[in-house]
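Below you'll find the structure, written out as structure tokens, and then a few comments.
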Amino acid sequence: MTKTTSQQGMLHRFFPFLAWLKGYQISTFRSDALAGVTVAVVLIPQAMAYAILAGLPPVYGLYAAAVTPLIGALWGSLRQLATGPIAIMSLLVLTTLTPMAEPGSKEFVELAFLLAFMVGVLYIAIGVFRLGLVMSFISHSAVKGFTAAAALIIIATQLPHFLGLSVSRHEYILPRLVEIAKGLPNLHISTFAVGLLAMGLIFGVQKLRKTLPAGLIALVAATIAIVVFELHLKGVAIIGKIPSGLPHPMVPPMKFEIISSLLGPAVVIALVSFAETYSVGKAISSQTKQKVNVDQEFIGQGLANLIGSFFQSYPVSGSFSRTAINFATGAKTGISSVISSLSVILALLFLTPLFTYIPKAALAALVISAVLLLFNPKEVFVLWKKNRNDGIVAVTVFVLALLTKPDYALLIGVMISLMFFLWMTMHPRIVRITKDPELNMFVNADALDKPSCPQILQLRSDNAIYFANAEYTIEHLLERLNEQATPVRFLLLNFEVVGFIDITGTDELRVLLDELKLRQVRLAFLSVHLPVKQVFESSGLLEQLNTEHMFERRETAIAILFEDIDHEYCKKECPYELFRECSTVK
């Protein structure tokens, strides 16, 4: 590698956008500009709605939307990913900070900035130290259960705005639903009518033409209704005056005791939000053929949150809906997100007076319509049918998220997933292998209920052999040997899926070797991978094994082992003719 190439690689590591800006053309800009403006039309109302969901004044959603899409696009790895406020992240901000401060208060707002700062630092640390593999610990089943529950919780938080009810805040969803039900006799008809108008327009426009900005059309219509009929004077809540201008740079308040209390929730929020970002990225990359660089994406999302926190932004993430719109409208590079950010900045500078009379019921309708897509209980049932363990994880997370804090539920789901994984690795499947003469291939004898050679018992362990399962594996191998009613001469262990073995594993193989000697059964190995063979050698086990009985090919193993079995037994008592060698002694 030349010095120039190395320098370019380092430059692209710190400024990844330079790679796709090189050779940027006017025709590409046209596509990006159209996509960016289209996304901004959706982003502006969503940002205000999600800020209210997070317990913040609407303007902070706009501040987040003004800064973070630009940063996320320039420093991330996916060119069409649309970063900004999202529903689930907003919900987690609300549930995390509500016990610490009154939503909407100055203290609450400052805590939201600090939370964004902490999430950003965590993201950047994961990306810089290339720890993106941490995402492997968050199972899809846990995320699906969490997402479905989060959708219901978000809807519950928006119902008071949608119905025009005044209810006290609750940490959990069930008491909130009970209070909403009790308050239904006090339903504010005008507010409910505005909410229904907005909801009807959103679904109607989407059904009529998906390319139209249904949310914006609904908000404009609802706002016109407010102004024309003076509904704000009749009790319909509006978002009120939004300060114009750009956010003033500020440093989030740094207090050790607050940071320590927010560290746990920040980790959960970071992982949950990136799980959505990652799933969005995978969906888009499969169509654009881009490679998802998880570590670079962590850096991009980290910088978006970190820099955003200095411009009064709360935690953000990649948005599924806006990314889909960005891609569908022809975005080619991250410039589309730069255009979206600039559009929001222009709105903050010149259009905020137009937002004054937007009804909160219409914003609630926008949020509810968006998260309804997240609630898909059918996926949980499909998981249950496909894999019972995945189904248990999804249902557990779903139920716990409704009964406790959502972030706690996800952590418990991750722990249960890991427990199931450990249980499976601790109890590997031991499979009996035989040859099917009709198919002329080796098959799973247990699954197909096929006979195997009475004198050459072929067994395969379907996992690595390490300290947690070594004893179980050897005991199970001996149990399978005990099941044979015929005089077994060779135990042929198939190691084709055993990619790892530790010292405990080799010690247990010595136990097996000693037991087989007592039974006058010889041990042979098939398809031992080099790393496993190296452990055999370093542990001294290789010296105790007959290296002539370690085979690469099954046909070779059968041919050589067949020479040393009892051919008289084959001729007089064995009813099977499984190998081609059998015909030579029958």
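Any Cβ shown, glycine's included, is placed from N, Cα and C.
Caution: TrEMBL annotation is automatic and unverified by curators.
Residues annotated as transmembrane segment in TrEMBL: 33-53 (among others).
Within the same chain, residues 15-17, 39, 43-44, 46-52, 84-85, 109, 112, 242-243, 246-247, 281, 284-285, 290-293, 296-297, 299-301, 303-305, 307-308, 311-314, 316, 318, 334-338, 340-342, 344-345, 347-348, 352 sit at least 6 positions outside the transmembrane segment (59-78) and bring their C-beta atoms closer than 8 Å to a C-beta of that stretch. Feature annotation from TrEMBL assigns transmembrane segment to 59-78 (among others).
Look at TrEMBL and you will find 85-101 (among others) tagged as transmembrane segment.
According to TrEMBL, the transmembrane segment annotation covers 113-133 (among others). Residues 93, 96-97, 250, 252-254, 258-259, 262-263, 265-267, 269-270, 273-274, 294-310, 312-316 of the same chain, all 6+ positions outside the transmembrane segment (113-133), place their C-beta atoms under 8 angstroms from a C-beta of that stretch.
Marked as transmembrane segment by TrEMBL: 145-167 (among others).
TrEMBL lists 187-205 (among others) with the feature transmembrane segment. Within the chain carrying the transmembrane segment (187-205), a Cβ under 8 angstroms from the stretch's Cβ atoms is held by residues 161-165, 212, 214-215, 217-219, 221-222, 225-226, 231, 234-237, 359, 361-362, 364-366, 368-369, all 6 or more beyond its ends.
Positions annotated as transmembrane segment by TrEMBL: 217-239 (among others).
The feature transmembrane segment is assigned by TrEMBL to 259-281 (among others).
Annotation source TrEMBL lists transmembrane segment at 331-351 (among others).
Look at TrEMBL and you will find 357-375 (among others) tagged as transmembrane segment. Residues 45-46, 48-50, 52-53, 58, 87-88, 147-148, 150-152, 154-155, 158-159, 161-162, 164, 191-192, 194-199, 202-203, 215, 218-219, 222-223, 226-227, 231-232, 236-239, 321 of the same chain lie 6 or more positions beyond the ends of the transmembrane segment (357-375) yet place their CB under 8 Å from a CB of it.
Taken from TrEMBL, the feature domain 'STAS' covers 454-561.
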Under 8 Å Cβ-Cβ from the transmembrane segment (33-53), and at least six residues away from its ends along the same chain, one finds 59-62, 64-65, 69, 82, 84-87, 89-91, 94, 154, 157-158, 161, 213, 215-216, 219, 239, 314, 319, 321-322, 325-327, 329-331, 335-340, 342-344, 347, 355, 358, 360, 363-364, 366-367, 370
Under 8 Å between C-beta atoms and at least six residues away from its ends: which parts of the chain pack against the transmembrane segment (259-281)?
77-78, 81, 86, 88-89, 92-93, 96, 100, 111, 114-115, 118-119, 122-123, 126, 134-135, 138, 143, 146, 292, 294, 297-298, 301, 315-320, 323, 407, 410-411
Note the mean pLDDT of the domain 'STAS' (454-561), expressed as a whole number.
95
Surrounding residues of the transmembrane segment (145-167) on its own chain - C-beta under 8 Å, 6+ positions past either end
52-53, 87-88, 90-91, 94-95, 173, 176-177, 179-180, 183-184, 186-192, 195, 235-237, 272, 360-361, 363-365, 367-368, 371-372, 374-377, 379-380, 393-399, 401-402, 406, 409-410, 413
Under DSSP, the domain 'STAS' (454-561) has how many residues in helix, strand and coil?
53 helix, 20 strand, 35 coil
